[in-house]
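Asker: As annotated in TrEMBL:
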DOMAIN    270-425  domain 'VPS9'
REPEAT    488-539  repeat 'RCC1'
REPEAT    540-593  repeat 'RCC1'
REPEAT    594-669  repeat 'RCC1'
REPEAT    670-723  repeat 'RCC1'
REPEAT    780-829  repeat 'RCC1'
Amino acid sequence: MSTNPFMVAVELHFPQLLQQVRELTRHNGDAPSSTIKFLVCVPQSLSLLTGMVTIADVATHVLVADATVGMYQTLDGRRVAIVGSSIVTKEGFDGVPARSVRIVMTDTFAHASIGPPDSYQVLRLQRICNAVWIQCLLLHINRPFVGGVAVPEDMGEMDCATFRRYLAMIRAYPESAAVFSSLDVFVHDVFEPTTSASKKRPQHYLTPRRLRHVWTKCVDLLDDTGTLDTPLLAPTHVQHRHLQLAQAVESYLMEQVHDVVFAAVVFRCRKQDDAVRHTWRLLEHATPRDFNIAREFQCEQRQAIDLIANTHVECHSPLAMLMQLKRALTALNDAISRHLVRHRTNTPRDASIAQYLSTDDVLDQLLFVLVQVSKQCPAFPLAAIVTYIQEYHFVNSSVSALGFALANFQVALEWFTSHSDDDVPPPRPVVVEPVPPLAAVTTSLATAATCTTLRVMGSAPFAGQIIRDTVRNISCGPRWFAIVSDAGDVSTWGDASGGRLGVTLLTTTRLDVPTAIPQLQHVVQVSCGGWHVLACDLNGHVYSWGSNVNGQLGLECPNVSMVPTPTLVEDLVGTYISAVASGDGHSLALTSSGQVYSWGSNRFDQLGRDLQQGWTFQVGRVDHDWGGRNLRFERRCGTACSDMVDQVAPGAAMRIAAGSFHSAVITRDGALFMWGCGHSGQLGLGSFMDASVPTQVLQLAHDEVSVAHVGCGAKYSCVLLASGHALIAGQLVDHDRVVLSSTWFVKVPTPDDVDDAAFASHFVSISCGPAHCAFVNVRGNVLMWGTNAQGQILPQDGTVDVVHPPRWLASRVAHVTCGESHTMLAIVE
């Protein structure tokens, strides 16, 4: 029989609650009639203000999955959301801000109405009898959704603020003063002995056995004096009071001797920590896949990494360290839950169970996170921290959440110390063949000043369109086009929806021929995004127009969803912008000094900035040192890098690119940085993780490898090396057909059907559409690859929906740009 009055009420009223769940499930109509799944949230008994719990109180804490991912309905018509390891109250609950309740642990529920949990015989009988399957999961929470008081998630937990308040309350009792005075005398005598005969090193008195003896004596004395005793306390509250008392004494004692004790433990564990660090160095290039982390659980763990890396810096007692490690595991689980919701991995019905990791999943994640911690803090003393907690945390936490956290780190420590060098994954080098020198090759096609012919390939009505003009730059969006003439004028044509052509149209929604935008002059580049356009001119100014639903125009008008004509981005005035890039809903700008600015949609962290919201219209700098590193994590140098690179000065960005939901930068030392959505491997980092900050692609970090160009599509990325080789990472897909899938950059295959094969694969430019790409080689030939559903590559006759492998198509191409449904070529006459 449970001693928690809330759990007693659940068991008492469960048949009525189950009937209400049936009715709500039937009313929603989103579950098979043979299956009923629901959650019951049980607050800790100490958080309840009264022992009288009604069926109405319980109904507020019974959750049934809603149609929205992560959302649940209560039996009394309210709504909550499960966000990681917390439950947040939504509609129907009073109070601002919303209450966030922590999930302490989960368990299955057994009741006569549904039978024992995980019972094969019961499920078998239900299957035979064609009865309703009922699955009830208990979520133990640290406080109720309504009323109650906040208490620690574990009876053995006491954070620093709680410890200070509790200690002040205990010391206010006269009978407790003598006990704490004796502790102070003990500490004083250890560090400042009064007699020469007792002058021994402090470590002699600070062994675990001696300190535990002092702690036990003090706790017993405080218990005997009846500190905080009251006859009104229930038995469970008496137990909790004793734990708090014991924990307060431990923290008070250990905080005063922490520096000496922990330093001694670090010294004692130095050989074990050296072995761990050796393994970490061997695993520094390992990916989540190397730790058997499932694809859906591969996500960035910045908060968990920061918490663990600062454990020995910020915490000054064994309990504080243990609670920090527990918070790191909670942050780990929260990050995975956010990742699942962000990428819509779970259906609403499965989300309540799938978001909780198994013990093996937690350990796999923790191993990978600890390797990342070693990069941030190479001298991190894992063995010393675990040993310190084991020996000097005197309160028994073996059966609590704290004990579970410590057990995970103990197993991780054992795994690292016993890991064999033979099991270390090798680094992923880029294997490319040497290319002959290009002294006799003409490479001026891309800057030719002669007249060019613009040829459009794709769906009607623009398919086969041929336009003669001298162009400096071209760009292609979904069913619309933009060109910059040699004189710096911008012309657009195509679908005018959403104001993306930059001209005011009164009687039509389409332009069939290029039409100049009168407001723009001396433009050097134009970039078409999903529904918006950016342009930069010789004065370093940036203009934007089109859709503004995600703030991608960077204008001080967040409530304006569309701007039909070019408007100056005033936040960038005074900063010389040399290049711009447009994604589906975000924008990038590159300054002449090598800084990067971003704004717009940030749903997948593609802005590279620390933002809480999913979008911003405010232009902000991506705060990052763009200095590339080699595989030894030293500043890049070598034959591939420019002689002008200062190995001491901060790095600088040289090129930018924006995909649908990810971003890329090439630095002046030839390094490649990627960030944003990585769910298809498009970041080239060897995993399916998103990256919230610019992350260098270490696969391309060899001193002899330098990246010259980069392009980003919807789910893939392409790079062009200074050697002329083209590489691709991610998924190049056409609807459900995957043409390529790789989390690493691999060489773009080239057919051997061109003359002078030595130069066939020496590329000088690339362009990426959402699902097809083009590569121009040194001879002006264009290699195209990907979807042909709209005729973007070959004439649309219904016979070729996907061009795979890549195919050579045209010659003497100066520029190429790939859009969603079209490709535009600028061919030199």
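Every residue gets a Cβ built from N, Cα and C, even glycine.
No curator has checked TrEMBL annotations; they are predicted automatically.
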Asker: So what's the average pLDDT for the repeat 'RCC1' (540-593)?
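Answerer: Looking only at the repeat 'RCC1' (540-593), pLDDT averages out to 95.
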Asker: Over the span of the repeat 'RCC1' (488-539), count residues by DSSP class, listing helix, strand and coil in order.
Answerer: 3 helix, 25 strand, 24 coil
Asker: Would you mind splitting the repeat 'RCC1' (780-829) into helix, strand and coil residue counts from DSSP?
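Answerer: Final tally across the stretch: 0 helix, 28 strand, 22 coil.
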Asker: Taking helix as H, G and I and strand as E and B in DSSP, count the residues of the repeat 'RCC1' (594-669) in helix, strand and coil.
Answerer: 0 helix, 27 strand, 49 coil
Asker: So, by DSSP, how many helix, strand and coil residues make up the repeat 'RCC1' (670-723)?
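Answerer: Summed over the repeat 'RCC1' (670-723), the classes give 3 helix, 23 strand, 28 coil.
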